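Novice: Let me give you the structure first, and then I'll get to my questions.
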Amino acid sequence: MQTYSTPLTLVIVTSLFLFTTQGSSSNAVEPTKKPLKLANYRATCEDRTRTLVTRLNTSHHSVVWQRYDIYSRYMRRMPPLCIITDAYKETTRQGGAAFACTRQNLTLYNLTVKDTGVYLLQDQYTGDVEAFYLIIHPRSFCRALETRRCFYPGPGRVVVTDSQEADRAIISDLKRQWSGLSLHCAWVSGMMIFVGALVICFLRSQRIGEQDAEHLRTDLDTEPLLLTVDGDLQ
């Protein structure tokens, strides 16, 4: 009897756990969908190639990669970069960077400042959406920044855009980037000034030492000669 007590206890505990889990899951309320956020993707400017990777589960779903221009006063939606379904794959060329797309990522090549914008991936099956800020500076930095309260997966698989919030978020990101760049430039300038001051102090001390040596030689050359009683020079 003692041999079967432990397995029987495990069965009872497991059954109670499953029953409790099912009851709690059936009564759980689906949380309200919040704006999607994405961790920062940092990259350097050397090769001008960026890959935007989605966290959405878009396998075997129809997806659309889209770009929003943020150089104009308001965000302007451009034609879809890439549409992928089970039946076909369609890409467009907008005169910007060359690109390659899949259901999970979008790789952009030979980026320029004109390619700055918001790149958005929408899952046509679930309606989920994920957006990337891609801020490109000619020489200083090239980064894909996290999204703010801009794009929502709305009802009917439609992307809902809060234009005012999006504008504020983009302006905030740009200010943050420029402030970071300004601090970096200020730090570099401060280091250059510090190093320059050290070099000037070193050269000045070296020059003062040379002048002291020259004065000493001059004093020795101009010191008067004295005759002793024996006729020796002093």
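Numbering starts at 1 and runs along the chain as displayed.
Note: Cβ is positioned from N, Cα and C throughout, glycine not excepted.
Sharing the record's features from Swiss-Prot:
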- 24-182: topological domain 'Extracellular' (TOPO_DOM)
- 24-122: domain 'Ig-like V-type' (DOMAIN)
- Asn57: N-linked glycosylation site (CARBOHYD)
- Asn105: N-linked glycosylation site (CARBOHYD)
- Asn110: N-linked glycosylation site (CARBOHYD)
- 183-203: transmembrane segment (TRANSMEM)
- 204-234: topological domain 'Cytoplasmic' (TOPO_DOM)
Novice: Grab the pLDDT values for the domain 'Ig-like V-type' (24-122) and give me their mean, rounded.
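Specialist: Taking every residue of the domain 'Ig-like V-type' (24-122) together, the mean pLDDT is 71.
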Novice: In sequence order, what residues of the same chain, 6+ apart, have a Cβ less than 8 Å from the Cβ of Asn105 (N-linked glycosylation site)?
Specialist: Thr51, Leu52, Val53, Thr54
Novice: Would you mind reading off the Cα separation of Asn110 (N-linked glycosylation site) from Asn57 (N-linked glycosylation site), to the nearest angstrom?
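Specialist: With distance taken Cα to Cα, Asn57 (N-linked glycosylation site) is 28 Å from Asn110 (N-linked glycosylation site).
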Novice: With every protein chain in view, how many other Cβ atoms are within 10 Å of the Cβ of Asn110 (N-linked glycosylation site)?
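Specialist: Taking all protein chains shown, Asn110 (N-linked glycosylation site) has 12 Cβ neighbours within 10 Å.
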Novice: Just to be sure I understand the packing, how many Cβ atoms besides its own are within 10 Å of the Cβ of Asn57 (N-linked glycosylation site)?
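Specialist: If we count other Cβ atoms within 10 Å of Asn57 (N-linked glycosylation site), we arrive at 12.
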